[in-house]
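So that you can see what the record holds, here are the features copied from TrEMBL:
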TRANSMEM  27-45  transmembrane segment
BINDING   Val39, Asn43, Ser277, Leu376  Na(+) binding site
TRANSMEM  57-77  transmembrane segment
TRANSMEM  108-129  transmembrane segment
TRANSMEM  194-212  transmembrane segment
TRANSMEM  224-250  transmembrane segment
TRANSMEM  270-291  transmembrane segment
TRANSMEM  303-328  transmembrane segment
TRANSMEM  367-392  transmembrane segment
TRANSMEM  404-427  transmembrane segment
TRANSMEM  433-454  transmembrane segment
TRANSMEM  474-498  transmembrane segment
TRANSMEM  510-532  transmembrane segment
Amino acid sequence: HHTTVDLKAPTPGSDEKPPLREKWGRNIEFLLSCVALSVGFGNVWRFPYTAFKNGGGAFVIPYLIVLFIIGRPIYYLEMVLGQFSNRGCVKVYDLAPAMRGIGVGQTVAIFTVITYYASVLAVTLRYLVASFNPELPWSKCDPSWVDCVDSSRLGSITLGPNVTQPKTSADLYFRKTVMHAADSLDGGLGYPDWRLALCLIVSWICIVAILIKGIKSSGKVSYFLAIFPYIIIAVLLVRSLTLEGAWTGIKYFFEPQWDKLLTIEVWYEAVTQCFFSLTICFGGLIVYSSFNDFSNNIYRHALIITSLDTVTSLIAGCVVFGVIGHLAHVTGQPDISKVVQSGPALTFITYPDTIAKFDFLPQFFSVLFFFMLFLLGIGTLIGIVTSVITAIHDQRPDVARWKIVISVGLAGFCIGLIYITPGGLIILELLDYYGATLVTITLAVFELLTFAWIYGVNRVCKDIEFMLGIKTGLFWRVCWGIVTPITVLFILLVSLVQYKPQNVPLGYNALGWCLYAFAVLQLPCWAVYAVMQKQGLVWWDRCKAVLRPMADWGPEDPTKRSEYGTFVEEYKRQSTARSDHLVEKVRRKLFK
């Protein structure tokens, strides 16, 4: 009796029906919202500095491979299960309640990302306001800055043998004027900059205002958030390619350094960038898909969005590396990798430097660019904040949504103040590594294990067949069941074996590990809780029961769920009629 699952909920005779989940106003709103979610800071801000840190072309090839065998399969898988179940990133684990801690841990990771993304958004807003000055403040060197070259300069300079490598005014403006950046954390974090604090308040007000009325209001905004940025990126690309020396940087971006392709660090960075670029294994995609109509063709959407995401990353890379090539020409530095420092600040140095060289109305293009970057950040943040709000609201539907939105906004603002201190950039990289990157890869292994082996690749394919009426090809089955989980697991194990502490005082590394442990330990804690909730069974039967779908697992609509129950019973009947050998079970799990 333990192997039979009653899928026909609600209980007969009950007059009360749970309210249907809120839906997107139009199908195109879902597509554009996913574009705004996936095509954002991960492409224009994070991708260029990650590529620069890992050798340009040495990073691009692994990144493209990883997108094909990991990014796209996970993207499609999360969209499928979100739309099929109409559940958020925690409730989707009703397919195996013992694994619900994965969704909780991912919510912790995504909240970590939210806090520093919002701070980057505040820096963007700071630049947007500064762009209205009669002269761009980063285009000329301040008299107090030493070894500085005006970013508005178009010619090159010649350095003597003992002359210090100069920095551009855009570089020094960001570090000294905007961030007041400290070189280390030895003297503590310092105090938040009041201008950035005001910008952070405005950023969170914009996010809360869009989300407070639900998914339909954010769907309307997606038209502007998804389309307008591409116009500005195209303008910047043209300008970047026409700068003297730009093609040297672009050659560095695309020309692989074959020796680096054999280092695990580059592949590790490619995998993590894939997660951030597509926003997979964070819960946002599952949440967005859960607001879809049941029969929406997400297969087509998954292919469109993942392809567009890849192209956007490459275009952003061309813009940044074109500017870096030009900076090498201006400063007389023959080694591209030594022109600027890598890290989160790279985007706020290279893009402003490009704009400072515009001959015609640089202030106008600066306003357009930083407004575009602000929109990209808003688009990304709306999606990932929605996943946190939905995770909380699914667990506590009795709490009004607007209260959750405001609470998340207040918490995000208070924590975000850390990143706009003089030591904030260092803390950003620290928490990005421990609280976001490492947590996401760890939980991604268990997410794939749950979806592909506990629930089963073939069961997922049957759900797709029931939902969309299409058969799933061999590529998706092999990736979901074998290639993707093994690759992610390998990357995780090697990264843990080759772990090196961040270059910060010991206590900060300990804090990072505490955050990692808090997120990852959600999995065993919720598994134990799920087992204890099962009554009337011996412990072994309890363990098996919490790895099977709950009674109400399936489509949201009761009629559809009833049809799905019949569909699944037929599938189970055919499966149990076959051999029970291990090899046959594995083959059936993947291919039948």
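Backbone N, Cα and C define each Cβ position, glycine as well.
Heads up, TrEMBL stuff is auto-annotated, nobody curated it.
Here the features listed in TrEMBL are painted onto the structure.
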residue	record	Cβ within 10 Å
Val39	Na(+) binding site	29
Asn43	Na(+) binding site	28
Ser277	Na(+) binding site	26
Leu376	Na(+) binding site	28
**OP:** Determine which residues of this chain, when Val39, Asn43, Ser277, Leu376 are set aside, have a Cβ within 8 Å of the centroid of the Na(+) site's Cβ atoms, and list them as they appear in the sequence.
**Re:** Ser38, Gly40, Phe41, Gly42, Val44, Phe47, Asp309, Thr312, Ser313, Ala316, Thr380
Original post:
Counting Cβ pairs under 8 Å that sit 6 or more residues apart, are there three or more between the transmembrane segment (510-532) and the transmembrane segment (270-291)?
Top reply: no
Subject >> Cβ contacts under 8 Å made by the transmembrane segment (108-129) with residues that lie 6+ beyond its boundaries >> reply: 41, 45, 178-179, 195-197, 199-200, 202-204, 207, 276, 282-284, 344, 348, 352, 366-367, 370-371, 373-374, 377-378, 380-381, 384-385, 387-388, 408, 411-413, 415-416, 418-420, 424, 428, 431-432, 435-436, 439-440, 443, 515, 518-519, 522
**OP:** Give the one range among 194-212, 270-291, 367-392, 474-498 whose Cβ atoms make the most pairs under 8 Å with those of the transmembrane segment (404-427).
**Re:** 194-212
Original post:
Are the transmembrane segment (27-45) and the transmembrane segment (194-212) close enough that 3 or more Cβ pairs fall under 8 Å, when only pairs 6 or more apart in sequence count?
Top reply: no
Subject >> the transmembrane segment (303-328) and the transmembrane segment (433-454) contact flag, 3+ Cβ pairs under 8 angstroms >> reply: no
Subject >> Cβ-based contact of the transmembrane segment (367-392) with the transmembrane segment (270-291), 3 or more pairs under 8 Å >> reply: yes
**OP:** For the transmembrane segment (224-250) and the transmembrane segment (433-454), decide whether they are in contact, meaning at least 3 CB pairs lie under 8 A, counting pairs 6 or more apart in sequence.
**Re:** no
**OP:** With Cβ distances under 8 Å as the criterion, find the stretch in 27-45, 270-291, 433-454, 474-498 that has the most pairs with the transmembrane segment (57-77).
**Re:** 270-291
